[in-house]
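Feature list (source: TrEMBL):
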- A:21-42: transmembrane segment (TRANSMEM)
- A:453-475: transmembrane segment (TRANSMEM)
- A:534-555: transmembrane segment (TRANSMEM)
- A:586-605: transmembrane segment (TRANSMEM)
- A:612-629: transmembrane segment (TRANSMEM)
- A:635-655: transmembrane segment (TRANSMEM)
- A:676-701: transmembrane segment (TRANSMEM)
- A:728-748: transmembrane segment (TRANSMEM)
Amino acid sequence: MAEPRRRLLPHLASLLLKYSYIISMVCYAAGLVTVLLLPALAKSTYISENALMPGSANPVFGAREAADAIRMADEVQSLVLKHADGYIAVQEWAVKHMSALSADCYLQPFSPPEKPLSSMRFYSSPQHTGRLSQNGTMEGIPGVNIVGIVRAPQAEGNEAVVLVTPFRVEGMLSTGDRLALGFGMALFELWGNSNWLAKDVIWVLADSRYSAYTAVAAWLQEYHEPRFDLPKDWGFSDPSTQAWLYAGEKLDGETLLDFKRAGTIAAGLVLYLTSGDGGVADCIKVSAEGPNGQMPNLDLINVVNSLAVWRQGLHMRVDTFADMQESASLNYLGQFLEKIGQLAGKVRADWGFVLTASMYVEGLATLFASVKNQALGLPTGAHGAFRNYQIDAVSLEMMAGGDFGTVNEQIDLLTKFGRLIEGVMRSVNNLLEKFHQSFFLYLLSAPNKFISVGVYMIPLGLLLLTLPLGAAALCSQSVKTAVASDSLNQTESDSTDVFSATPGKLSTEVVKAGEREPDNLVTAKTSVGSWQRAVVVVSVVQLWASLTANFPPFVSQLVDSIMMNFSASSKAPAVMKFFTIPGLKMFMWATMAIVSLLTMVSFLPTPGKGDWIAVKALLLGVATIGLGVMSQIDFAVSLVGALVLVPMSLCACPLTNIWGKSADEHKGSKSIQFRLFLLLGTMVNIIGSPPVLLASAMYFIGDSSSWQASLSKFWEWTELLWCWGSALYPYILVVHLPCSILCIYILLS
Amino acid sequence: MRKLVSLFLALALVFHVIRVQSQRLTEEEEFSEDLLLRPLPDGKVLAHFLFTNLLPPVKSHGHHHHRLFPKAIYQLVQKYHIQQMELSFTQGRWDYQRWGALDPITSANAKPIGVELWAVFDVPKDKVDATWRNLTHALSGLFCASINFLESPAIVATPGLQRGVSGYLRYGALPREAVCTENLTPWLKLLPCRDKAGLTTLLERPRIYNGHYHSLRIHLKSGEFNKNGPEGGTSLRQSLTLVLKPSKSAVVPERLKSLHSNWSLYLLFKKSLVGKCPLASSSQVHLELEGSLVKGLQNHATTEFLFISLWFDVADESQIVDKLNVVDNPGYLLMNALPNRILKEIPKSEWEEEQSVHVPCLLLDFEVQDYSKAYPLNVGLSWRAPIAWVPRQGPFRVTRFLTGSGNERGSIAIVLKANSESYLRSCSKFTPENKDAQVCALDEGASGIDVTIFEMVPWYVRLYFHTLKVVLDGQQVALRDVAKWMRVSPSEDRKSPAVLEMQLQVPYNTSVISLTVEFDKGYLRIDEHPPDANRGFDLPSALFTFPQLQTARSYGFVNTTANAVFDQPFFQTLLEEQLVQIYSENLLVHLATPDFSMPYNVITFTMTVLALYFGSLLNVLRRRLGEEERLQAKTTGSQHAGKLMTLISKYFGKRSDSKHNVQTRTPLLKLVLIISVAAGIAIYYILGL
């Protein structure tokens, strides 16, 4: 009778577990390399939706329209300078011109943004806009959006395209805003007189006295979620504003406040005009990142790109890290990749890829900026407000090469931009269906290069693979050590050689051992006990983390109410010598977190000797789940998080293992190299632990002049993340924080 | 009791049902053609072509060879026992605010986008659906349109209240139907002169389809199938309503920029009118000046301006409407033609006459037969002063929109906002200092403004009627406080649409009425999606009527107050009392749409998994342990023959002969089995989906 055949899959599994450390390291390294290789894997963009047909029609926007735009820009500026309230001047100007076109127009007052952290809403709704309270009052001066609608002559009117030009009046309009308004009006007139429109065009002149986002979000909210049951009292303190808004009744019986709609919004374009930042050529910068890394359909960016580059000869840019492009090490890497590409091309012609070092570095810088923008979870402009209603929108920042020099230069510039915007509008107008053909999940590594979800999932997959592998290895190891320590205590008469058994067979061996020796059952029980304790530890830390994540609104309200009391008694409390209010809030929050952590830890069961293995296995499991869930909410957060969290949690092991006498001597593997290895891991752990991370963050984002300033900076960041509903906030507090606390727990056990 | 009667009347009048029908009983077939032109406040021009075909009753005149009446239509009437039918093809939106809502022409011809069809049949109840189905197919063939889609009961409503009609009513709408010349040509074929002579020669296709509004309409009424025996003959009214924008001349001096563009028939249609259709009994062009426009002109008139036109009786000069001269005045110049007669609107009631605000409309008639090729009719207006006026608007302006986002749920909101210029309001005079003013134009005893709403929603938008909320001026009110009556028929999946009919009565001083009803978005099967499903799904327009308001306009000679009766069908049409009706815009709902390439992916993916499963299963089932061992022994034996050979066979996939022999048939069998199973499942999937 031959030996029992070894089954393939269990054998492979056992091999995997046996070499899990090496495999983990290889996987992690491969993940890192893949992240760095992403620019080389990027594909060129292409127009996926045939109906868009960019550039198929010749734009009619010409020098005459551009001259009109400049004339109207001057007109609005002179009106603003004359009028006491510049915003009303802009409103009057816009209403006059739009009515002359017999286009629909109206004004939409909106309340200022509500105070951050004044409510517990986090995921429920975009909360950047204030809502009227039940009695219809609010604080602050309301902003007023001006909206005009060109009705497409022969269309059904159930689809629309939105054009947004934010403006701000500070005594006068800035050159960019002034030109943007004139430019918008020229386009509006062009569309008002055209007969090719199939979708209505809505032009929103967003009053960005608070921010462009607030204005656009307020308008979109009224468009999609109007409240009929709230009496609207806009509390304009200024009587002239009141008079203009309410008495400005138009001839056909409507008031200027009559909100009008134009059907489903197909796309949104937010236009900014700025003078150049030292660039030579006229260029156009596209920002597309919405809340939590949501991107508009890639086709929209493609259309802008193809029209700007191929039709108008404009340079197109996306956000990038400029200083990264000078980095010497990245340049070496780029040259190395270039060599590899050439070499591969020599071996087989179709393997080769042309990627010059400068292209690679540029791609990497852009990619990292893209990842950063997505990971922060804050929209990069007013277009983010559209994404909350599943509307594809981008911000186009049109930058003049020079400084808006002469009128001729302006005309030349506006002609180019006008033809571009008209072309984009024609493309979107051609669209029969909504945007659905191209990608929604992608990263940009250049304006015309993208990395789709199928590619960028690979590095995350490689990184995440290591965690369950490590957990499984630890799990089998913990059972093994339990059995081993137990059987060592037993008589040697037992012939079962536990160690020679492959890990895959461990469970059966344990059961066998248990059957044979009643004492082994006790061992299994102690092992189970360590798992129970580990579960308690992990859940307590998780619970603490989720509680801590919900503290900020309470802390904020608490401090505010205390301050209110003190301000009533007109006596500043002693603490205010040390803290600013945000700093105090941050300090309170940190104190509450630490105190509650210490309280909770004091209730933990006393750890056993080998408990850390079970805790680490659970930690790895929790980290996998956390990162996996985060990747669904915001991929970039998950990718960046995995780069830090994976080595941290994999390398966690008790400090005693490094110097002290090893607990499991039978392993005999306490070589210098092993200890060095452990030391390295511990270093990684220390670097990744919250205090170090905080300190480094303080160094980078806070001004390092004083720790109080940094504290307030931290609080401001927390407020920001909370109010935008960024996925980074739950990641840091619910995934990263408990995991690093557990790492410290392991280090100290 | 009185309330009940008025309620009944209101019910009876929702669907164009003509209360005062003073249709002439003709002895002969008669055909007439009319063109109404009306300048609109935003500089555009309304052109309304009306072709009327009258057929005397068959019973009294016997079946005869039709000379003028289109045979195709007559056969429809005979075959499907149609009492009334209306079909409209519309492109573009009617702008109720700028183009008016209250006069007979706009109220009847402002139609929802796409195709709308309703018909009243005189057939037994169980045959109504079949008759409707056949009618849709017949019309589909007749007008080259996909009216046959209306055969599906899932998008056809049966308005619950029969509204004084003795037959059975069916209503359907296709909001996505595109309208083009393909529909116009068959429509023209129904006319005796086609487009060879008469007014139809104006219909230059590129011009009429480039306008802002285009509505082809057919209205058919037959007295042949009344329950109480035939009364009246059959009448067919074909109308084409256009709103055209006169092209601006390229260079306009700055001082003239505020003026409306000049227009004439030739400028609008690029054709001139050279004569009437020889078969038409009358052929007229009417130029209508709205009351508010006349008022605007009056305000603009100056005292020194007094032009006495030649064809007015000099004695009657003082009677000419308030010194306004219709041909040449400071406001405009009538170009190229002089009217054959000038008519003035006769106020409907004494109250209206008393109102100083109310200025009658003017109608200038031109007889087409007076013009010829040598002297074509090319009437037009040349503006001289910027005159702004507001058309007669309905009591409310209506918007309907969707709220919410996402593919799961949403709500339909209807908002009615009061028009301050409204006829009804100017009448009710609800000013703070005059709260107890007599409510005049309305029936006595009416306690508020009545609004009826008819809304039909396809089944895949699942309305929850219990969420219906009515908010008046920001105050939510209970439905029973405002609803006079309400009829709701919930939808049934793939069988019938949800229909909401209700009549609200709101106080006069209500300025905003909003209704919301929530819905869930349903799922469609993959084959139920139309092409371009990602565009979304159109919901037909809702219809709003105001039972207290009727549109009817009668004209008399300028110098008399007597109600002269003109018996041309055009004036008869104006005289008919109809309810003011306003259509809302149609809506676009995005449903969760599958990725249509996905079934392919699903099939390939499932097939791969199944293939793996079947492969390993077969492997297990067909393995013979004994044989395997024997083989193993053999291979170990053959190892002695040379390690090199085994290595080679390993790398080049060649196996030793003995192994080869055993396994030859297995993969083939496996393959056949897997392929057949896979094919079976694939077929099942494709058919099932």
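Yeah, the Cβs are placed from backbone N, Cα and C, and that goes for glycine too.
Worth saying up front: this structure is predicted, and the values here are computed from it rather than measured.
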Are there 3 or more C-beta pairs under 8 Å linking the transmembrane segment (A:728-748) with the transmembrane segment (A:612-629), counting only pairs at least 6 apart in sequence?
yes
Beyond a gap of at least 6 residues from its ends, the CB atoms lying under 8 Å from the transmembrane segment (A:534-555) belong to 117-120, 585, 588-589, 592-593, 596-597, 600-601, 603-605, 607, 611, 614-615, 617-619, 622, 718-719, 722, 729-730, 733-734, 737-738, 741-742, 745
Determine which residues of the chain contact the transmembrane segment (A:728-748) at the Cβ level, with the cut-off under 8 Å and only residues 6 or more beyond its ends counted.
122, 375-377, 537-538, 541-542, 544-546, 548-549, 597, 612, 615-616, 619, 622-623, 626-627, 630, 633-634, 637-638, 641, 644-645, 648-649, 652-655, 682, 685, 688-690, 693, 718, 721-722
Close approaches to the transmembrane segment (A:676-701) from elsewhere in its chain (Cβ under 8 angstroms; 6 or more beyond its ends):
644-645, 647-648, 650-653, 655, 657-658, 707, 710, 713-714, 717, 737, 740-741, 743-744, 747
At a C-beta cut-off of under 8 Å, are there same-chain residues at least 6 beyond the transmembrane segment (A:586-605) that contact it? List them, or none.
533, 536-537, 540-541, 543-544, 547-548, 551-552, 555, 558-559, 579, 711-712, 714-715, 718, 741
